[in-house]
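These features come from TrEMBL:
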- 1-237: domain 'Deacetylase sirtuin-type' (DOMAIN)
- 14-33, 93-96, 178-180, 204-206, ALA222: NAD(+) binding site (BINDING)
- TYR58, ARG61: substrate binding site (BINDING)
- HIS111: active site, proton acceptor (ACT_SITE)
- CYS119, CYS122, CYS138, CYS141: Zn(2+) binding site (BINDING)
Amino acid sequence: MGLNQISKIVILTGAGISAESGIQTFRDKGGLWEKYSLEEVATPQGFRKNPRFVHEFYNQRRRDLFKVKPNPAHYALARLEQEFPGEVLLVTQNVDDLHERAGSRNLLHMHGELLKVRCEACNVILKEEGEIFPETKCPKCGRQGTLRPHVVWFGEMPFYLDEIYKALKECDLFVAIGTSGTVYPAAGFVMIARECGAWCVELNLEPSTVADYFHEHHYGPASEVVPVWVDKILKRETN
Ligand code: OAD
Ligand code: ZN
């Protein structure tokens with residue numbers, strides 16, 4: 001398939017797109033899962049065992065967010081959404097807010113958001129830019145110790161899956177950016193999109209574990225590769 005006749009694009013992003021903004025990825029050398037135990041800070045069991053430690057981990061990551069800013073890859077995707085004549089859906093595994101700060105609006109945070117917390121008692125979802133402790137009371141129901149980060153932990157179901165699967169089945173172009181292809185269901189999105197007829201493109205620093213499923217690959221830092229790719233799509237589609 002050529003690149004003409006594209007009307008629907010689905011983009012999946014992962015930690016690699018935020019790496020050059022200064023947010024550590026998970027599985028690269030020196031990544032978060034080398035420094036922290038995934039079982040301790042990213043599972044419901046770890047949270048039940050030591051809520052104070054888990055809150056502190058997310059408090060720190062929330063604080064770190066205010067020291068970073070979007071890079072040219074985030075801005076290029078926002079520009080694609082604004083200028084592409086068809087539909088662009090951005091699905092991100094990232095819990096940072098760099099896509100929205102760059103201007104992306106049609107965006108689904110399938111693994112949740114660092115800047116939100118949720119009450120396990122009354123289910124309210126609240127914006128949170130500061131710190132949470134086991135003593136913190138839920139501003140809605142008033143209970144103590146019921147707030148948790150609004151992020152998806154291992155063993156939990158990602159958000160928006162129905163909407164995402166529908167978009168994957170309907171899209172003409174699927175692009176994965178900065179993701180290692182190790183965490184499902186996101187790693188399997190390429191298989192669904194391809195099966196349903198989409199042209200599939202991987203933009204990453206190096207081949208991901210699912211690289212063979214993509215038709216086209218461009219390897220390099222996201223801040224360079226993504227703007228070039230977006231320019232190419234916009235030139236073809238708007239001329
Ligand atoms: P990973 O840390 O697994 O993978 C990051 C990918 O980005 C790797 O393939 C790198 O080669 C690539 N990369 C690194 N620097 C890059 C750069 N400057 N430009 C382009 N690519 C670069 O992160 P994810 O695939 O996002 O889930 O991880 C998926 C999920 O695993 C996360 O959402 C998180 C994690 O555990 C949950 O917490 C539920
Ligand atoms: Zn509550």
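Glycine is no exception: its Cβ is also placed from the backbone N, Cα and C atoms.
Per-site Cβ counts within 10 Å over the binding-site residues PHE26, TYR58 peak at TYR58. Put simply, ARG61 (substrate binding site) is 12 Å from GLY22 (NAD(+) binding site) when counted between their Cα atoms. Cα distances from SER18 (NAD(+) binding site) to the binding-site residues TYR58, ARG61, CYS122, CYS138, CYS141 are smallest for ARG61. Listed recorded positions: GLY30, HIS111, CYS138. Those with a CB atom under 6 Å from ligand 2: CYS138. Comparing the recorded positions ARG61, HIS111 by how many other C-beta atoms lie within 10 angstroms of each C-beta, the top residue is HIS111. According to its DSSP assignment, ARG61 (substrate binding site) is helical. Cα of TYR58 (substrate binding site) to Cα of CYS122 (Zn(2+) binding site): a span of 21 Å. Proximity of the recorded positions (GLY14, GLY22, PHE26, GLN93, HIS111) to ligand 1: a Cβ under 6 Å from the molecule is found for GLY14, PHE26, GLN93, HIS111. Apart from the site residues CYS119, CYS122, CYS138, CYS141, the chain places the Cβ of GLU120, ALA121, ASN123, VAL124, PRO139, LYS140, GLY142, ARG143, THR146, LEU147 no farther than 8 Å from the centroid of the site's Cβ atoms, the recorded Zn(2+) location. Counting in whole angstrom, CYS141 (Zn(2+) binding site) lies 26 from ARG61 (substrate binding site) by their C-alpha atoms. Classification of CYS119 (Zn(2+) binding site) by DSSP places it within a strand.
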